[in-house]
Amino acid sequence: MRCPRLALGLGFCLLVVVALCCLWVYVENWLPVSYVPYYLPCPEIFNMKLQYKGEKPFQPVTPSQYPQPKLLEQKPTEFLTLTPWLAPIVSEGTFDPELLHRIYQPLNLTVGVTVFAVGKYTQFVQHFLESAEQFFMQGFRVHYYVFTNDPTAVPRVRLGSGRLVSIIPVLRHARWEEISTHRMQSISQHIAERAHREVDYLFCLNVDMVFRNPWGPETLGDLVAAIHPGYFAVPRQQFPYERRPLSTAFVADGEGDFYYGGEVFGGRVAKVYEFTRGCHMGILADKANGIMAAWQEESHLNRRFISHKPSKVLSPEYLWDDRKPQPPSLKLIRFSTLDKDTDWLRS
Amino acid sequence: MDPREFWRKSAKVWLCLILLCAVLLGFYSQVTHRVVLQQMQLEKKESSEGDCHLDTCRIPEVPRLVYPKAQLLKPTRVDVLVMTPWFAPIIWDGTFDSAILDAQFRNITVGLTVFAIKKYVVFLKLFLETAEKHFMVGHKVNYYVFTDQPAAVPQIPLQEGRQVVVLEVRSYKHWQDISMHRMEMISNFSQQRFLREVHYLVCLDVDMKFSDHVGVEILAPLFGTLHPGFYAGDRQSFTYERRPLSQAYIPRDEGDFYYAGGFFGGSVPEVYRLTVACHQAMMADQANGIEAVWHDESHLNRYLLYHKPSKVLSPEYLWDEQMLQRPPLLRKLRYVAVPKNHAEIRNR
C-alpha cells in the first residue's frame, strides 16, 4: 500500500527538480550577464544588454580633384604623425579636410557628445554649446547629451539643423572627486540604455572648455585619445600616472606611451562602452580597497589606454590649456580650457 | 469503480506522461540553448569582421611590454611621407614597433595566395623557403598555392602553425589571362573557404622572394603597395588606363599612388569585394572588346583610388634590384623580384 505512494512522491519530486532545471537553463539564456563585483551594490547595471549596430562596408569615394600626396616631400613635420602601433596622430597638415569630408559625409553618421554640467559647472554649458555649433563636426548630425543635476539651470541654445540636445539627469555627489569618478559609470550606462541606438560615434568632453577652430571627421576613429597639453614634451617617468601598486590604475616606471587627457576621449560607440566600463570596474575595485587614484578617472583612463591602445591619437591642438603659451609647433588650437577659479567651482 | 482505485491506476500513467514531458522539455531547451549560443557567436563574428571604416578594426588588449617610448616632437622619418591624407599609415622601416604590433595581432591566421601556373612553378621553392624565414614569423599562416600542376609543388619544411594548401585550377593560354583570372579565382575561394579559415589575405606574385621581415605591420582591412617604378612620380606619369571606354579608366587629374598588382590584401571580406569588383570590371571590358593596359593591375588601381586603402606599403615591400637603383630612403628590401627571362617564362 505504501510503495505506490512512495513512488508517486519520489516521481513528483523528480518532476519538480527537472522542471526547475529546465526553467533555470531557459532563464540563464535570457538574462544577460552582469559584470559587477558582488560586493558593491549597483543594481541598475543588471539587465543591461548592448546591441552592436551593424557595421558598414567601405563606401566608394566620389571622384574629385585634390592635390596628389607627395611621398618624398622634405616637409619638416614637427609632430610625430604615427604612433609605433601605427595609429595616426592628428594635427594640422597631416590630413586633407575636403577629402575626409567627402569620405565620411555619405556615411550618414551621427556623432554624440557627452558633457557633465553638475553643480556650478552649468554656467559653462552655453559657451560650450555655442562654440560647438560653430566648430564641431560641421555638416554632420550631432546629438549633445548634457548630464546635469539641475535641468533648469541648463540654458536653451539655438542649434543648427540635424543637431539636438538631450538633458540627462544625474545625482550630485558631495565631493567633486566623486562626481568625477562617476562619469565613467554614467557614460557606460547611458550608452547601454540609449546612445547605442542614437549615435555612431561618441565623444566624451569636459564642459568647462570651448572650441576655437574646426573639429571635424579627422577625429573619428574606433578608439580616440587626446594627448595632455602639459606632458607631451616630457619623458614617461615624469607622467603623473598612479604609482601605488595597490591601485588598479598603477603604471610601472618603464610603461607608458603618452599621457592622455581625461577631458577628451571617444570613438565608436561600442568601443567607448567597453572602454568606460573597463575604467569603471577599475574605479570600483579601487573604491573597495579604499584608494582613489592620483588624478581620479584620468589615471584609470591612462592605465586602460596602455593596454588597449587607441586607434587614433589627437595632438594637443585638440586639448589645450589657454594658460600655457602656444608653442610654434602647435599651429592651430581647436579646443581649450577656460581660465577659471577651480576652488570656487568645486566647493 | 472505486474512485481511489481509478485514481491510483491512472496516476501512474499520468506520472509517466508528465515525467516524459519534463525530460523532453529538458532536451529541447538544451538543444536550443546550444543553437542560440552558436548563432550569437556567428553574429558576433560577422559584426566584428572586416566591415568597417578606414580605421583599424580592432582594439585588442596587449599584455605589459617593455619598449622605448615614442617622442611626440621627434618624427621617426623626416625624409618620406608616413601617412596619407586619409590617415592610412605608409609603412616604412622605423615607423612601427613590432613588439607592440605582434602583441596586438596575437591569435590571427594569415592566408597567403600565390599563383604558380605553367612554368611559374619553378619559383615556388625559393618563394616558400624565404617566406618561412621572413613572412609573418610567429603567426599562423596558410599558404594557398593555386596551380595547374599539383605534383610540381615542392615539399618545404614548415614551421609550426603553418601549412601549404594546394588548390588545383585551370591554366590559360596567354599570361595576361592567367594574371587577370587571379582575381576571379581569389574571389571564388574567398567565399568558399578563406572566410572560414583565415582572418587576413595577402595576395602575392610568385616570381619573387622574401629578403627581410614582412610582418603584421602590413595587416589592415585593405592595403596596397606602392609600385617601385612610380613612387616618386607625378600622377600624370602613372600608367593608369587612360581610355574612357575601359572600366579601369582614371582621368589625368586623378590618382593618389600607382599601386602594384603583385602585393595587395586585407581582411577576407574586403579582399573578396575587391576581387569581385575587379573581375566584374574585366568581364565588362572583355565584352566591350578592350583590355586594360596593365591588365589586373589597372583595375586594382582604379578600385584603390575610389576605395582608399587603410594602409599603404612602401616600395620596401616590393622592389626589383635589376631594374632600379636602390635609393637611400629604402633602408630595407623585404620582397624582391627574382631574375627571370620574361619571354621564355611567359609563353608556351
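Using N, Cα and C of the backbone, Cβ positions are placed for all residues, glycine too.
TrEMBL entries are annotated by machine, without manual review.
The feature UDP-N-acetyl-alpha-D-galactosamine binding site is assigned by TrEMBL to A:PHE116, A:ALA117, A:VAL118, A:TYR121. A coil conformation is recorded for A:VAL118 (UDP-N-acetyl-alpha-D-galactosamine binding site) in the three-state DSSP classification, outside any helix or strand.
The Mn(2+) binding site annotation in TrEMBL covers A:ASP208. Reduced to three states, the DSSP call for A:ASP208 (Mn(2+) binding site) is coil.
Annotation comment: TrEMBL describes A:GLU298 as active site, nucleophile. A:GLU298 (active site, nucleophile) carries a helical DSSP state (H, G or I).
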Distance from A:GLU298 (active site, nucleophile) back to A:VAL118 (UDP-N-acetyl-alpha-D-galactosamine binding site), taken between C-alpha atoms, in Å: 18
Cβ within 8 Å of the mean position of the Cβ atoms of A:PHE116, A:ALA117, A:VAL118, A:TYR121: remaining residues of the chain near UDP-N-acetyl-alpha-D-galactosamine: A:VAL115, A:GLY119, A:THR122, A:PHE124, A:PHE147, A:THR148, A:ASN149, A:ILE179, A:VAL207
Using a 10 Å cut-off, grab the number of neighbouring Cβ atoms around the Cβ of A:ALA117 (UDP-N-acetyl-alpha-D-galactosamine binding site), all chains included. 24
Could you tell me the C-alpha distance between A:TYR121 (UDP-N-acetyl-alpha-D-galactosamine binding site) and A:ASP208 (Mn(2+) binding site) in angstrom, no decimals? 7
Count the Cβ atoms, other than its own, that fall within 10 Å of the Cβ of A:ASP208 (Mn(2+) binding site), considering every protein chain shown. 22
